[in-house]
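The following features are taken from TrEMBL:
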{"type": "DOMAIN", "residues": "23-287", "note": "domain 'NADH:quinone oxidoreductase/Mrp antiporter transmembrane'"}
{"type": "TRANSMEM", "residues": "57-80", "note": "transmembrane segment"}
{"type": "TRANSMEM", "residues": "92-115", "note": "transmembrane segment"}
{"type": "TRANSMEM", "residues": "177-193", "note": "transmembrane segment"}
{"type": "TRANSMEM", "residues": "200-218", "note": "transmembrane segment"}
{"type": "TRANSMEM", "residues": "238-256", "note": "transmembrane segment"}
{"type": "TRANSMEM", "residues": "276-293", "note": "transmembrane segment"}
{"type": "DOMAIN", "residues": "289-342", "note": "domain 'NADH dehydrogenase subunit 2 C-terminal'"}
{"type": "TRANSMEM", "residues": "323-346", "note": "transmembrane segment"}
Amino acid sequence: MNPFILSILLLSLGLGTTLTFASSHWLLAWMGLEISTLAIIPLMSQHHHPRAVEATTKYFITQAAAAALILFASTTNAWITGQWDINFDLHFFPASMLTMALALKMGLAPVHFWLPEVLQGLDLTTGLILSTWQKLAPFILMCQIMPVNSSLITFLGVTSTLVGGWGGLNQTQLRKILAYSSIAHLGWMILVMQFNQQLALLALIIYIPMTFSTFMIFKTNSSTTVNTLAASWAKTPALTAITPMILLSVGGLPPLSGFMPKWMILQELTKQDIPLTASIAALSALLSLYFYLRVSYAMTLTISPNNLNATTPWRLQTTASTLPLAISATISAMLLPLAPATLALLSL
């Protein structure tokens with residue numbers, strides 16, 4: 001893609017999300033979401049492949065439906081209450097519609113069906129943008145309308161954690177595994193959002209570097225399926241040795257960074273006297289952990305069949321910068337000791 005066009009699209013992505021962050025009016029927030037959607041569509045379809053075009057079309061239809069529902073809900077709310085202000089208390093009916101529309105934007109279960117299919121049709125870089133940056137604007141809007149229908153939010157959260165765990169179990173495509181992982185993580189964030197928005201934001205802040213690391217590892221190895229990961233030892237031995245830590249951190253295994261938000265969320269849910277919800281969420285985390293163990297095993301404990309005695313093939317030195325991956329990998333694996341400081345900051 002032309003660098004000039006690419007820079008315009010990336011700036012538009014930034015503008016759309018920033019506009020939604022800064023807006024206190026529903027129409028401005030809706031415009032920000034639309035700018036973000038329209039900016040990512042050319043990035044998704046830049047590889048002229050039927051899969052990419054299909055994924056782009058699915059994404060556009062889903063996001064257009066969600067945007068129409070947001071507009072309808074905010075107009076209905078303005079009609080009932082006479083207010084367009086986001087921070088003003090919403091009427092129950094438009095609030096439920098807005099929650100479902102934002103859930104559709106983010107890909108929360110049970111309106112998650114588009115996300116694995118769309119992510120499967122994209123390259124890993126665009127998939128990374130879709131899994132991280134595109135979640136920010138609807139996430140912040142969801143934070144701003146809290147607390148709304150508590151039963152609906154709990155239903156979305158529990159369903160997302162379960163679907164995110166079950167859906168990834170039998171997958172062989174890495175992008176679909178990452179899509180279901182994204183659904184499960186968002187489920188955890190939504191569960192705690194109605195009680196503690198700062199904690200939900202902390203979970204998002206830790207989720208982004210973990211997801212960035214995972215996508216960049218797969219991109220470095222040029223892997224899109226679990227089987228192709230077996231060749232990683234020959235390509236990038238040092239990175240392959242570190243990868244299980246990052247994958248298990250995404251799964252939420254102590255003593256890695258990914259355990260911190262899950263631990264704090266379970267603690268908050270128990271404080272709010274909903275132990276059943278906390279138990280279901282904790283058990284669903286085991287499902288996610290299983291498929292990350294499977295990917296770790298495929299990558300580090302298996303070697304792809306070859307007829308050569310040599311273990312390392314001849315290769316050129318990579319020219320790609322490894323610093324972003326190094327920083328995000330460190331954050332993904334080693335933040336747990338900062339948990340007491342984080343708790344102190346959250347309680348301020």
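Cβ from N, Cα, C; glycine included.
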Take the C-beta pairs under 8 A between the transmembrane segment (200-218) and each of 57-80, 276-293, 323-346. Which stretch has the highest count?
323-346
Just to confirm my parser: what is the rounded mean pLDDT across the domain 'NADH dehydrogenase subunit 2 C-terminal' (289-342)?
77
